[in-house]
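Below you'll find the structure, written out as structure tokens, and then a few comments.
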Amino acid sequence: MEGLAVRLLRGSRLLRRNFPTCLSSWKIPPHVSKSSQSEALLNITNNGIHFAPLQTFTDEEMMIKSSVKKFAQEQIAPLVSTMDENSKMEKSVIQGLFQQGLMGIEVDPEYGGTGASFLSTVLVIEELAKVDASVAVFCEIQNTLINTLIRKHGTEEQKGTYLPQLTTEKVGSFCLSEAGAGSDSFALKTRADKEGDYYVLNGSKMWISSAEHAGLFLVMANVDPTIGYKGITSFLVDRDTPGLHIGKPENKLGLRASSTCPLTFENVKVPETNILGQIGHGYKYAIGSLNEGRIGIAAQMLGLAQGCFDYTIPYIKERIQFGKRLFDFQGLQHQVAHVATQLEAARLLTYNAARLLEAGKPFIKEASMAKYYASEIAGQTTSKCIEWMGGVGYTKDYPVEKYFRDAKIGTIYEGASNIQLNTIAKHIDAEY
């Protein structure tokens, strides 16, 4: 009878013969993927480059972060409850965003912008979201979608016309989603038919953020449905254009101060000069801007979760039950430590994606990771905070229930969580 060791050895040899080729020999150097992390590691190893911690900021970034924190606490915080209850953003808040230079963060000073970094935009959104996620997304859309698309793809005339307005007084709105085109956004049906020097738009849009206040709409419409998504083109449409109808704002669970409206286009004539970029490239522009926007949404969810956490911890340090603080119970301490660790992980994912974008490195996978994780953690954090505060956390007398309601949208808009997972998996497949 063969000994056990012999049988095991034979079994291991047989198993080894059926291993995937990537595991055929332990002597072969491990496969290095083409991910941005691997590239960064190789750069450090080969070139001796020193990288500062992700939470190291320039003096300008620190100044912006500090001033936005002060603005949010002093001018936005007192109005949050009223804006949420009335589903209306106060004009003073919108004016304050423009006056603070927060509606044109990356726009060149030549056009009235701040001329700051993309990470500055992320820090601004994070700080605003700590106080009100509605105000944060209002600022996020303007900066990461509207301004970015015009800066990158606009003609000199378009930039000269619209950027000075967008940095000082005019709100922009991004119009992609439709009733039958949500996650499958390129199934949109809005048409743009050429008539002389104009394009005539017909169709409808849904879930359009900031529509109630917008003076400029960046509209995706198809100039040739026979070629599918390759006919999608971007148009700049002014609010007062005849035939453009803005519907009643939706009555939403969260982000109630941020208007979300349906739009209808009935023979809306748009000059050919208002095409943004090239005809048929709208789908590329939309994908590119949404990839960047996902980092902005990650920052929004991160800030929201951190704001809720910051409000809750002082309460559980003061609340006495069974003769001691809630915070002194080890079971609760472990929950707090777990949530704090998740928040830090979400922050590092978000900042890393922003740094990669600024460095001109591939960032799409990292943006999806940041958006996915920050959104999921925001939901978990706000839920835990309500539990820790108990009954008072469940009432509208305290802001934690609003944080909880606001957090849910993170797993839905600018790419649902499952879409982010698809994107991440697609990149992993390509890397290996």
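Any Cβ shown, glycine's included, is placed from N, Cα and C.
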Binding-site annotation, Swiss-Prot, substrate: partner of Ser183, Tyr283, Asn291, Glu292, Gly293, Arg294 in Tyr162, Tyr229, Tyr315: Tyr229
Which of Phe174, Tyr229, Tyr283, all binding-site residues, has a Cβ with the fewest other Cβ atoms inside 10 Å: Tyr229
Structural state of Ser177 (FAD binding site), classified by DSSP into three states: coil
Of Ser183, Ser209, Asn291 (the binding-site residues), the residue whose Cβ has the fewest other Cβ atoms within 10 Å: Ser183
Asn291 (substrate binding site) and Gly390 (FAD binding site), distance between Cα atoms, whole Å: 38
